[in-house]
Amino acid sequence: MSYSKSTIYRRQGTEPNSHFRRTVEEKSQLSGTNEESLGGHTLSSNAFKNNSSSISPSSSAKDPREQRKRTFPLNDTHSSRARQHERPFRSRKSRRRKGKKAFSPRPGSPPSPSFYRSGSQKRARNLTTKDYFAKRSESSSSASVSPISPSANRNDSKRQASSFRRSPPSSVHMKPSAFNGRKVSRRPSSSPPPIPSIPHETTSSDTQKKSSVSSGFPENKHGKFHFHIPNERRSRFDQPPSKRMALTSTARESVPAPLPSPPSGPIYTYTYPKPAYEKIDQIGEGTYGKVYKAINTVTGDLVALKRIRLEQEKDGFPITTVREVKILQRLRHKNIVRLLEIMVEKSSVYMVFEYMDHDLTGVLLNSQLHFTPGNIKHLSKQIFEALAYLHHRGVLHRDIKGSNILLNNNGDLKFADFGLARFNTSSKSANYTNRVITLWFRPPELLLGETAYDTAVDIWSAGCIVMELFTGKPFFQGRDEISQLEVIYDMMGTPDVHSWPEVKNLPWYELLKPVEEKKSRFVETFKEILSPAAIDLCQKLLALNPFCRPSAHETLMHEYFTSESPPPEPAVILKNMQGSWHEWESKKRKSKR
């Protein structure tokens, strides 16, 4: 038994959308009178042609199922809702398809890209766009007056309600500006204008990927506004424009100015209309360089310029100067000279210090000046206060001598020249050099080759300075290391294993061991010159055994500073001295005589 193709389609439910291909006459011949359930009346098909409705009572009362069969034609496979609202046909296969439903555009709005991609265009290929929306407008107008049958589902009611939504305002196009000919639409006047920003260089990918943001409206989504931008092809690869793109009509067409070129010289350079410092006179000289008295041309303050020569340094910047700068930057004390700044020239480096009028050696070379016991006590106290601070910070000066102790006219004392200073590791395995400290102020352990020493070496040098204040001249004056040891042994006695057990372990002890033992004659020599407290203090400071020497803090607690009279008194007599007295200047004056 053979069936026609139309019959097979009807049985399988896959007949093409033939409703839109047949004319009205063919429909009436196949289905007869179109009956609509409108309160028990029938509506003839001619009523649509004459635009007038003829309502008559139903001629026969039959079974409801028979009436429904007569109401809808047998050769029409789509549902009553599809026929009533004249919407495109959806097959059973498409109904079972999962995912979002294809969007059906409402009257007055052109179809969106999703409409063309969903296949709805194929199902309505027999209709032009004008006819399609004409039928949609008729169906929507009829839906507003016709009752909704109980069989209507929620999706149908939502589609009807969506037809009454307000259409979005049309976009306002602008003239092409600085965006490579792109049409930029501005937002409606109701919304605040966006902040203009610097336009960026667009690429070919930016031109191809355009979105709804460029036209001033939100991005297309199913169930929301769908509109068409003339002369622009919308695609699913829409991307928002760059955040720096301006969306207002006030966008400037000018290209931003290029960045300025980097300067040819250093970025941070300080220049002055005149030299920052003017040299007045030379006040010192040594192996490192020269020291000048200078004036600050801006503030008028006196400073000391320590010039470091670099032309003779084959290995670069002197390590002693590096240590001095590093240590002075960490020290802040009233009895330590202050480093103001560092100035660099082509072949030299200047270290700028605060200016002090004298140094201790230059003052003691002046035969007309004599310190009182109160002045000596005040100066000695300042020496140990500075040492207590240095040792507390873990710094060994290692070059305490008269020329490195500065004085001003008010009697203030400050330590200077930290070129040989270093941080103390406080370790028994420390290995320092013993070629430090000027020979006259060098302790006996260094003269015997000790390399693991501590703060006791500075205490010995300070004891020599105190004795120099009492006597007015250096206390131990030797020609070399051997003669220096002999001078020390003559005054303080020779060391032995009982008084200094560690002396036998020193490298040069056996080599420089004295032939005969000598006893100390320090007390007998100074018992008529110094007070008992001063003798006791100096004898402890100049002990041969470094472990028997007191610390700087213990020295300040000695009765010489705490209870013995006279009390410490500032050396104001320095104000009566004419000019500045430094060691280099004092020796220069003597040579002229």
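Heads up, the Cβ atoms here are built off N, Cα and C, so glycines get one too.
Note that this is a predicted model, so its numbers are computed, not measured.
When S56, S261 are looked up in Swiss-Prot, the one carrying the note phosphoserine is S56; the rest have no such note there, which does not rule it out for them. Summed and averaged per residue, pLDDT over the domain 'Protein kinase' (277-561) gives 92. For D399 (active site, proton acceptor), the number of other Cβ atoms no farther than 10 Å from its own Cβ, over all displayed protein chains, is 21.
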